[in-house]
Amino acid sequence: MALNPNEDTEFNDALRKHGILPPRPPTPRSPSPPPAPTLEESAEGLTAEELRELGEDADDDTARMLEAIRRQRIAEMRRIEKAPYGRVYPIGRDDYTREVTEASKINHDGKPDGNGTGVVCFLYKDGIPRSDRAFEHVRVLAQRHPHTKFVSIVGDKCIPNLPDTRVPMFIVYRKGEVINQIVAWGADRERILEELEAVLILAGAIVPQQRLPTGEERSRQGGSSEEEEDTDDEPSSRMRSAGTRTNTRVGKNIRGPARKDEDSDSDFDL
């Protein structure tokens, strides 16, 4: 009868004891259970009213934490109500000066010497996959950062004979001037939302402190009619990002890979 060294028998144990068979491999440990969600994670997606109801049945420490989260949600909603934008505005070439150049001069904090408004002009073309994906990301970012104005225009309607190799393109304005230009976004590889967000922050279009929930996030939070003290400073008064300070004039293009079939890198005359 053939010996099966993997069997769990007394005979095999004796052979292992004398070194005739190798030791049995250790029994694999069962994976540790996932950690319990934090209070903040458990409260994700709850409305202000639902947070209030939870706090009524919780112990004092938990109730205080839930109340702090609830007040933060209400403050976010207040900031959203004050935000001047929050969506992508389609424009035509005739609208460009008013909706882009002039809009970037507006100081929503009311200060005559303010930093103006970051305006992102998105040039696209339907049917180009990287352009279609970028448009989806632009819609999300417009909701997430409603103090930045996002406008969209078909590329060759804005710049005649614009080659497809340069689409999608982002032209960033602030205080009436072009401060950055991003060409052929996603031409080298597929890009994710967070990459575009980071690039627009570095380009000076978005101020990180202005991060707000998207429409989908707000719909989960619900509204509140309570009067809560709004302690948030106006975001536009706190513009101190490195991108805004360093990109005060037209700099190098932030772009995808160099392509042999592209035109020169000189800025287009708008």
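We number each residue from 1, going along the chain as drawn.
Using the three backbone atoms N, Cα and C, a Cβ is placed for every residue, glycine included.
Look at TrEMBL and you will find 1-44, 212-270 tagged as region 'Disordered'. Annotation source TrEMBL lists compositional bias 'Pro residues' at 22-37. Annotated domain 'Phosducin' per TrEMBL: 47-184, in sequence order. What TrEMBL records for 225-234 is compositional bias 'Acidic residues'.
Summarised by DSSP class, the composition of the compositional bias 'Pro residues' (22-37) is 0 helix, 0 strand, 16 coil. When Cβ-Cβ distances below 8 Å are used as the criterion, the region 'Disordered' (1-44) is approached by residues 51, 54, 62, 65-66, 69 of the same chain, each at least six residues removed from its ends.
Regional average pLDDT for the domain 'Phosducin' (47-184) in the model is 91. For the domain 'Phosducin' (47-184), DSSP puts the residue distribution at 68 helix, 28 strand, 42 coil.
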